[in-house]
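*Asks:* As listed in TrEMBL for this protein:
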DNA_BIND  69-129  DNA-binding region
COMPBIAS  285-295  compositional bias 'Acidic residues'
DOMAIN    67-128  domain 'Homeobox'
REGION    278-317  region 'Disordered'
TRANSMEM  39-56  transmembrane segment
TRANSMEM  140-160  transmembrane segment
TRANSMEM  180-198  transmembrane segment
TRANSMEM  210-232  transmembrane segment
TRANSMEM  244-265  transmembrane segment
Amino acid sequence: MFQTLYSYFWWERLWLPANLTWADLEDRDGRVYAKASDLYITLPLAFLFLIVRHLFETYVATPLAGLLNVKEKVRLKATPNAVLEKFYAATTKHPKQADVELLSKKSGCTVRQVERWFRRRRNQDRPSLLKKFREASWRFTFYLIAFIAGMAVIVDKPWFYDLREVWKGYPIQSMLPSQYWYYMIELSFYWSLLFSIASDVKRKDFKEQIIHHVATIILISFSWIMHCTVFYPLDLYPAFFGYYFFNFMMVVLQSLHIFWAYLIIRMAQKFITGKVVEDERSDREETDNSEEEEEAAKNGPLSNGHPVLNNNHRKTD
């Protein structure tokens, strides 16, 4: 059964233009062609990227954060409460009013105390400013190096100035060592992002990030044999499955880039007009505006979530 699925997946009519076979892409006359088996190396390289990232964030990004005076915001911690913690972990982080009232009875807390507990508990799970800074530093560093390296290896190629050169001899095109390593490193990096996405900073575009990473991995992987865009291939061959499939992936990526560009433009507009600028993709920190927090600011620190008053009596809800 596996062999049958394998044969269907690599059916030449899916991935190659008419009248071409995989045999046409075998190495010959000293020329080396891209092969699917080349991609296996990207998985161990992805784990190597995770190690390099850890070292970078620990020994480069963290000291840099200190130099730039990146400080953590002091967060009030939720008082340990087994009933509320169980509901938070197993049901939802955002209970409805009916749930709040029920939890109030079960936990022995007032409704306002339950609401405050969930606000503080959600804040505890939000990534710290240092974590955001370290992650952003790592991505910025990689993208900058990748851009410079990419320009360095392509600027002297004829297809950098004339895109029609990309299709010269397509798809029987041999590869250069610079192409090989650029593909392998880029693909390994996006594998590492996909592997670490569960532990990275969670933003509102979490699902879009997953779609982006998967679409990018598919495009990089399959463009290692294939080069599909919209118009030029049709000058050489009739459209085939690979043409439609990869152009669909390109549309997915383009749509995500337009979405992120909109968020960036909106943040830039707020910055220009003097408004407070926040990452549109991040959840806002929740604050306590209850009377108890106001009393805490006047009368001193909190004890188990309650402000201690000057007359040594605790204010109750």
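Counting begins at 1 with the first residue displayed.
Glycine residues also receive a Cβ, built from the backbone N, Cα and C atoms like all the rest.
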*Asks:* Quick one: average pLDDT across the domain 'Homeobox' (67-128), no decimals.
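*Replies:* Its mean pLDDT is 86.
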*Asks:* Tally of helix, strand and coil residues over the DNA-binding region (69-129) according to DSSP?
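*Replies:* Its residues fall into 36 helix, 0 strand, 25 coil.
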